[in-house]
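Asker: Just passing along the structure, written as structure tokens.
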Amino acid sequence: MQTLTQHLTSQAVNDSLSHLILTLADTSKAISHAVRHGALAGVLGATEQENVQGETQKKLDIITNDMLKDALKADGTVRGLASEEEDHVVEVSKNGQYLVCFDPLDGSSNIDINSLVGTIFSVLPAPAGELTETSFLQSGRAQLAAGYVLYGPSTMLALTTGQGVQLFTLHPETNEFLLTNAAMSISPETQEFAINMSNQRFWEAPMQTYIADLLLGKIGPREKSFNMRWIAAMVGDVHRVLSRGGIFTYPTDNKDPKKPYKLRLMYEANPMAFLVEQAGGKASTGYETILDIQPTQIHQRVAVILGSSNEVDACLSYHGIDYSEEPNPQNSDNNCDTLIEV
């Protein structure tokens, strides 16, 4: 089996990007170690702090965020970083070539019940000039690499550099990521969907109708039965989609009119959409292809519908969208050019 280093060489990934990917992979090994130790290391439970989204931070949210920050500061290729756990973008090195956006511990609410969590990351080119939040506001099409690390029964890294999606598994004895799937592919058809059904009453009418038709199974207009899956961690639900097909959605809702969307564009939706498209699937907000969105702020949220291409198309048809056309962009609040130097 190829190691991650050997694979990057075989794909002719340039040295600086390979170095950054290996830094992210090595840090994920340390995060995996911290997650496995859990209560033994006293790292479970919540803090009294909130992140910029107003979410209570888990102890491991802060620990894993600091681990990634420290590693990226030492890497030498990184110009700046943006994290779910940082209020503002962070300047790392004036000579860096790359910007890194990440969610250090996706699904951290699962950590206290020993369920799936993971790290999601996106790598963008660093533009010339002064680093501001605007430097990061590039569409998902600009991503040079993206991936996630899933901390489950095995620790797995799913990675794309724009040459398909490869899956690596961390060998428990050698501590090396080994290539275990050279070409992940999402089947166009599926009979599985993932959604938080507790929010059903808050969804827009098209999504309510779509899910209702799935639940009708063979006696409904879809004429086939569907199973529902929900891990409550995007990284776990998307891994299942990449592994065996399906559709994952966190749609628009009016539960909190000030926050109609749940998932963050820059370090959740964009990297996952890049992976899904590279594996033959589709990713949309319901009104626009995710990778085509022009971001307006670093913590911008969007609706997400992604997975098996034919099922995403079916979902979009309920929204009255011709998926061959480009709908109007989904906008958010104005950005603010703020950074922190480290």
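Any Cβ shown, glycine's included, is placed from N, Cα and C.
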Asker: Which of these, E84, E130, E133, E173, does Swiss-Prot say binds Mg(2+) 1 at the same site as D103, L105?
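Answerer: Among the candidates, Swiss-Prot records only E84 at this Mg(2+) 1 site.
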Asker: With D103, D106 listed by Swiss-Prot as Mg(2+) 2-binding, which of these, E223, E268, E277, E288, is given for the same site?
Answerer: E268
Asker: If Swiss-Prot says D106, G107, S108, S109, N196 bind substrate, which of K258, K259, K262 does it name for the same site?
Answerer: K262
Asker: For E268 (Mg(2+) 2 binding site), identify the closest of the binding-site residues D103, L105, G107, S108, judging by Cα separation.
Answerer: D103
Asker: Mind giving me a neighbour count for D106 (Mg(2+) 2 binding site)? Other Cβ atoms within 10 Å of its Cβ, every protein chain shown.
Answerer: 28
Asker: May I ask you to report the DSSP-based helix, strand or coil state of E268 (Mg(2+) 2 binding site)?
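Answerer: Going by the DSSP assignment, E268 (Mg(2+) 2 binding site) falls within a helical segment, counted as helix.
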Asker: Looking only at S108, S109, N196, the binding-site residues on record, which one has the least crowded Cβ, with the fewest other Cβ atoms within 10 Å?
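Answerer: Candidates: the binding-site residues S108, S109, N196. Fewest Cβ atoms within 10 Å: N196.
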Asker: Out of E84, D103, which of these binding-site residues shows the lowest number of other CB atoms within 10 Å of its CB?
Answerer: E84
